[in-house]
Amino acid sequence: MAWGRRLVVGLALLGLVAAVSALQQREYQRIKRAPQPVPRRWRRQAEEGSKKEESFEAELCKDKDAGEWFRLVAGEGDNCRDVIQCTSSGLQAIRCPAGLYFDIEKQTCDWKDAVKNCKLKNKERKVKPLLYTDEPLCQDGSLACGDGACIERGLFCNGEKDCNDGSDENSCDIENDPNRAPACDPAVCVLPDCFCSEDGTTIPGDLPSKDVPQMITITFDDAINNNNIELYKEMFNGKRKNPNGCDIKATFFVSHKYTNYSAVQETHRKGHEIAVHSITHNNDEQFWSNATVDDWAKEMAGMRIIIEKYANLTDNSVVGVRAPYLRVGGNNQFTMMEEQAFLYDSTITAPLSNPPLWPYTMYFRMPHRCHGNLQHCPTRSHAVWEMVLNELDRREDPNFDENIPGCAMVDSCNNILTGDQFYNFLNHNFDRHYDQNRAPLGLYFHAAWLKNNPEFLDAFLYWIDEILANHNDVYFVTMTQVIQWIQNPRTIAEVKNFEPWREKCVVEGKPACWVPHSCKLTSKEVPGETINLQTCIRCPNNYPWLNDPTGDGFF
């Protein structure tokens, strides 16, 4: 399952689909085995049967893409489990395992309840634009729709169907978008505003790896509340110090529901970074893939309004975005981020690679493929940093175990079962970064994974303490602090006095809010629920939500 929902399953082979009748098949096989001369009438029947089979296959396969699975019979039950595919050696059939149906649009088996297209035999046939023709069909600055009509080039792949046949939105991946971002050009992309490299592994400032501080970013997703506050206090207890003498720091991607905003305020006061993870945390992954620019703005810019108001943050420090389920929202998400002045995204995953990738700006083409099941990566240039999630190597013994896919979130590395395994996993992935190009090591969690597994938490805290004790060149910093270093690279010797890393170096004193208001609120947008909002400012009239993020009742 991708992020707790989707399961892509190995499919059981059923054998080839026969298009001719069983009687014809038996007769034909008997003829083929017969040693004596074959009567002309039987030869004719066999040839006719073979031609019918070939004709049947040709008719089935004439409009199918390479590798496309489709149904012979639509409907629920076994019909929704069975699909076939055209191959060079004939028709291939598969059946999804029990409990699963085949999703025609996603082209994979999925849980029965998640598949809504059992009545469809084929994927929707989308008309493609005429982007590459022997002779130009349109004047400069315009391109041809699938029906030959010409529209302005900039209208292609902008999220709106401008062609009558909708073809301008049907060929929009990084290879085909006519308005796609160009490949990295280091002569144009220069620090501090832009950073890219052809394969994503180049160290900013061309520093030798031995002079680069190893940055580690710990992040937590979802609500901050009484379920995890004590965990965070134990981890960030003021005793764990970076080599510059400052407290280690983390980044929290906060979602709205059930968040205690007085705790967010205290977390921020301590010098940790607060970023947004949406208001609703909509559990439909497709929502995030297909959301409009306005949808994204309501979810993320709205969440920033809520955080700033109810956690009383006034320093404009909420600049990061991570989408729920790590579902990338394509150009719409990044257009929203530009319009709403967000600094960085941390949603895009890069497949496991050695050496790992450095963060990059989205002015130029991503230095890696769009990784993940049906992900919707941006294709155009955007003035946004990408704090890319390098997959972690989860092999127990990298020297002997065969290669297996990596995992982006630590708690999705489902083969970690003991504290010792987790400790070895952390050391191996640290070495992969430290011994190669020192790209920032990202350790991304949901707090419950550590809280519900005390053995993992003990191993993690022991590992952090060991790293800090044994290395004078390793820093646990926030996402924004990583970007500040990339924009202004400093050597290990220089970074101890690097001013952006000394902000809120050691924070002492009393919390800004001892006893928060506990507001029991309702909202027209969340009917039938009374939700508790904890904040140090006065209680609002309504529970803040998408169309009323301030809670004032003005929609």
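Each Cβ is built from the backbone N, Cα and C atoms, and glycine gets one as well.
A TrEMBL annotation is a machine prediction, not a hand-curated record.
Features as listed in TrEMBL:
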type     : residues      : note
SIGNAL   : 1-22          : signal peptide
DOMAIN   : 58-120        : domain 'Chitin-binding type-2'
DISULFID : Cys138-Cys150 : disulfide bond
DISULFID : Cys145-Cys163 : disulfide bond
DISULFID : Cys157-Cys172 : disulfide bond
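Separating the Cα atoms of Cys157 (disulfide bond) and Cys150 (disulfide bond) is a whole-number distance of 14 Å.
Considering only the disulfide-bonded residues Cys138, Cys150, Cys172, Cys163 (disulfide bond) has Cys150 as its nearest partner by CA-CA distance. Taking the Cβ of Cys138 (disulfide bond) as centre and 10 Å as the limit, one finds 17 other Cβ atoms among all the protein chains shown. For Cys172 (disulfide bond), the nearest of the disulfide-bonded residues by C-alpha distance turns out to be Cys145; the candidates were Cys138, Cys145, Cys150. When the alpha carbons of Cys145 (disulfide bond) and Cys138 (disulfide bond) are compared, the span between them is 10 angstrom. The Cβ of Cys163 (disulfide bond) has 22 neighbouring Cβ atoms from other residues within 10 Å, across all protein chains displayed.
A 10 Å cutoff on Cβ-Cβ distances gives Cys172 (disulfide bond) a total of 22 other Cβ atoms nearby, all chains included. Secondary structure of the domain 'Chitin-binding type-2' (58-120) per DSSP (helix as H, G, I; strand as E, B; remaining residues coil): 11 helix, 22 strand, 30 coil. Fewest Cβ neighbours within 10 Å among the disulfide-bonded residues Cys145, Cys150, Cys157: that distinction goes to Cys150. Within the model, the domain 'Chitin-binding type-2' (58-120) carries an average pLDDT of 87.
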